[in-house]
Amino acid sequence: MSSGASDLGARSALSVGARRPVDPGGRAAELRLAATRRRRRGYLLFAAFALPNLALIAVFSYWPIIENIYLSFTTWDFISPQADLVGLLNYQALFSSSAFPEVLWRTLVWVVVVVVVTLVLGLALALLFAQRVRGTTAVQTLAFSPHVLSGAAIATIWLLIFDPHHGLSRLVFEAFGTSSPAWTTDGSWALWALIIVSIWKGLGFVAIVYLVGIQQIPAEVLEAARIDGAGRWTAFRRVVFPLLSPTTFFLVITQTISAFQAFDVIAMMTGGGPAGETTTLSWFIYDAAFSRTDVGTSSAASMIMFVVLMAITVLQFRFVERRVHY
Amino acid sequence: MTIMPTPAAAEAAPRRPAGARRPRWWSAIALVAAALVFLVPIYLFVSTAFKTNADINSWPLRLIPRSLTLDNFVNAWTLAPFDQFLVNSVVVAAIGTLLKVVLAISTAYAFAFLPFPGKRWLFIFMLGALMVPGHVTLLVNYITIGRLNLVNTYAGLILPGVASAFGTFLLYQFFRSIPRQVLEAAQLDGAGHLRTIVSFIVPMSRPAIITVGLIALIDEWNGFVWPLIATNSINMRTLPIGLLYLKENDGINDWGALMAGTLFVVLPMAVVFLLAQRYIVAGLAGGVVRR
């Protein structure tokens with residue numbers, strides 16, 4: 001791609017040295033021809049520069065949706081020569097089973113708790129950072145760092161914390177006079193363990209995004225509120241929080257989408273267990289395809305996730321459009 | 001990122017308007033508490049990687065190890081081929097990042113400066129990919145690389161993640177702010193498009209390119225679900241997946257080895273982050289603010 005592109009490039013669009021000398025009579029026609037030729041070269045170059053990327057997007061982002069729709073109407077085990085069409089059977093089976101509605105419910109709990117708690121704590125942290133107490137920068141860096149670290153690694157770190165025999169959890173619970181629960185193997189605690197880790201991982205990111213939002217609030221606005229006699233809480237409730245609503249909306253959308261797809265923490269800490277107690281939609285999709293080799297069920301569940309996330313994304317786009325007209 | 005006066009800065013200004021308060025003592029306490037929330041897990045993890053088994057298994061919890069050891073790293077290596085994981089991670093992250101950045105630059109340049117019929121639609125086509133949830137594409141992408149015989153290969157690990165709509169968009173925005181005269185001057189000097197990109201566009205947009213590159217590097221290095229699916233031979237696993245072996249092989253009796261392996265996964269990105277955090281945060285803030 002590159003060598004051909006450079007040859008063409010030497011004489012293309014903006015270059016002037018390439019025009020052949022012409023006789024005065026045919027000059028206009030010659031110029032027009034040269035312009036066409038330049039445009040054609042531009043097309044070729046565009047293709048050389050942009051098509052690899054666009055082709056990869058077509059194959060690995062768009063095609064999966066199309067084939068996924070088809071596969072969700074079939075049964076297949078990866079091995080049989082071809083997938084058998086079964087119509088809506090996969091969807092019917094999912095919703096008539098007792099396990100799948102539970103998976104959806106659990107996913108909803110996961111997403112709502114993770115998003116709400118992360119946003120509330122993140123905003124509190126951002127307001128704290130905005131005070132600019134000495135040492136704030138260091139704590140900001142520290143809080144943000146989990147965002148750039150492997151989720152799998154963060155999960156193992158928390159496995160250590162949650163360990164009921166040697167971990168910090170035992171220390172904390174013994175301080176309250178009880179023994180630590182076996183977080184990751186006890187069905188009533190496992191989901192909450194994962195939720196805590198997800199919140200811990202996302203908190204710093206949310207805080208920094210909120211901090212950027214807070215820093216964009218003009219000082220005069222706060223000044224005016226103060227002159228009007230607003231206390232801290234009133235100023236926050238009436239001025240700061242409303243002005244942060246675009247940030248909040250952005251975070252709700254992006255955090256919801258990523259919470260839906262949370263995977264590495266589950267894979268590392270519980271593997272969907274114990275007894276399916278931490279099987280969310282994202283783990284279910286993986287497990288159905290790659291442990292049970294039930295392609296139809298997995299792709300039907302994928303379609304459900306796709307539709308839900310699409311609806312959320314459309315909401316975001318409509319919101320953005322509305323803001324543009326302001 | 002423009003630096004605006006923060007409300008707090010206004011408050012701390014020498015002349016306090018009536019009713020303004022100085023930062024309270026509890027702000028400092030809250031900050032220390034917040035620091036501990038992040039510091040304690042990280043401290044326990046790093047210290048455990050260097051603790052002896054006696055210290056790890058003793059109770060009460062030993063916050064300060066009696067002695068330090070490197071045994072855990074040796075143990076991690078014997079439980080799983082971490083050298084191979086490291087090689088795989090480095091190859092995938094290096095090639096993946098490089099390809100992603102090169103493709104983003106060339107695509108952004110094409111969209112910003114070259115003509116093409118229906119370019120607008122192609123741009124929308126590209127941005128539309130941002131809406132496709134990654135998790136939903138896993139199954140079919142696995143089938144696709146299976147058809148291409150790329151399961152358990154570097155190509156299979158790298159290819160699906162190389163196209164980048166977000167990075168391209170970010171660079172496109174940046175390229176468009178470059179004055180056209182700069183390009184014309186370059187071309188008058190006889191530079192072709194490649195020369196123009198290499199000697200003018202890239203140097204001028206270095207901050208944006210660094211940001212795109214860093215985000216790509218972090219994504220590639222931390223990638224979990226795709227490497228888990230696209231490989232099944234232990235020799236093709238990447239570092240984050242390698243942690244799974246430490247866990248499964250030993251049912252986590254060997255906390256030291258698990259933390260040593262974890263340190264191995266975390267350390268490179270921690271260093272990258274500390275060295276380049278302003279680019280990472282700027283890219284993130286830029287993405288948010290522009291919305």
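The backbone N, Cα and C atoms fix where each Cβ goes, and this holds for glycine too.
The feature region 'Disordered', as given by TrEMBL for the ranges A:1-21, A:169-189, sits at A:1-21. Residues 65, 68-69, 72, 90-91, 94, 100, 104, 249-250, 253, 256-257, 260-261, 281-282, 284-285, 288 of the same chain sit 6 or more residues outside the transmembrane segment (A:300-320) yet have a Cβ under 8 Å from a Cβ within it. Across the candidate stretches A:42-63, A:108-130, A:189-212, the maximum count of CB pairs under 8 A to the transmembrane segment (A:239-263) is reached by A:108-130.
The list of residues near the transmembrane segment (A:108-130) in space but at least 6 beyond its ends in sequence, with Cβ under 8 angstroms from a Cβ of it, reads 136, 139-140, 143, 191, 194-195, 198-199, 202-211, 213-215, 236, 240, 244, 248, 251-252, 255-256, 259-260, 262, 280.
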